[in-house]
Amino acid sequence: MTDYIQEQEMEIEALEAILMDDFKEIHSGESGLNTSKRCFQIKVTPVDDEADEVTTAPVQLALIFSHTERYPEEPPLLNLNSLRGIQGEHLRILKEKLQQEASENLGMAMIYTLVTSAKEWLSEQYCQDTSIEDAEAEEAAKDDVIVPHGEPVTVETFLAWREMFEAELALERAKLMPEAALSAPKEKRLTGRQWFESGRHAVKGAAPATEGSDEEDVEDIDFDDDDFEDDEDDMLEHYLAEKTDSSSHSSKRETN
């Protein structure tokens, strides 16, 4: 003959060890069950996929049970109360579900199985919206990530660009210099830099200047050598800015 009382006592001890503070004995008068036997309450919260329980559970219920005379050969008495945020209709549906599972698990200790089932059901009913919002937020964050476009900057590409840039700069300077200055003898011809340092490019109609010229000099512009020390750094910044603008235009064309 099965010792039902011993099995029931062993299950209660196991539940106390596993559930700890979520498990407690309550008076039969506050259980809502029609029994004078010992009654117990278990706090149940939804299960999170990445943790044991949701950190800030949106809902919580109390699963109340009492062993019957022949438990586990017959189902336990069950009752559910909302501790936070659970609709009455949901309590009714979940209670019917747990009673059905109890009838399917006769012959074995089943309370912890019912608790696990209740946790999963609460998670499905009350935590899906939160999961969807988190997924949408993650997708939005991915959309905000800037994907780099264009050719990467290397020493070779910068040197090639600098050579082309200096050629274009020399051409622009030549356009600003008078024809007479360009056609002067090589030994008396000013370089583009000397021409700009002399300040003659700023004087409209200024006469061409050569070395040893008797004409009155226009006031010289003072330049420090430090003004030209960072030319290569400035060129690199200018090059990177051009690459960025080019990449932005390319991205816009791809988007359009």
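Each residue, glycine too, has its Cβ placed from N, Cα and C.
Regional average pLDDT for the domain 'RWD' (10-125) in the model is 91. For 10-125, the entry in TrEMBL reads domain 'RWD'.
For 200-232, the entry in TrEMBL reads region 'Disordered'.
Per TrEMBL, compositional bias 'Acidic residues' is recorded for 212-232.
Per DSSP, the secondary structure of the domain 'RWD' (10-125) breaks down as 48 helix, 25 strand, 43 coil.
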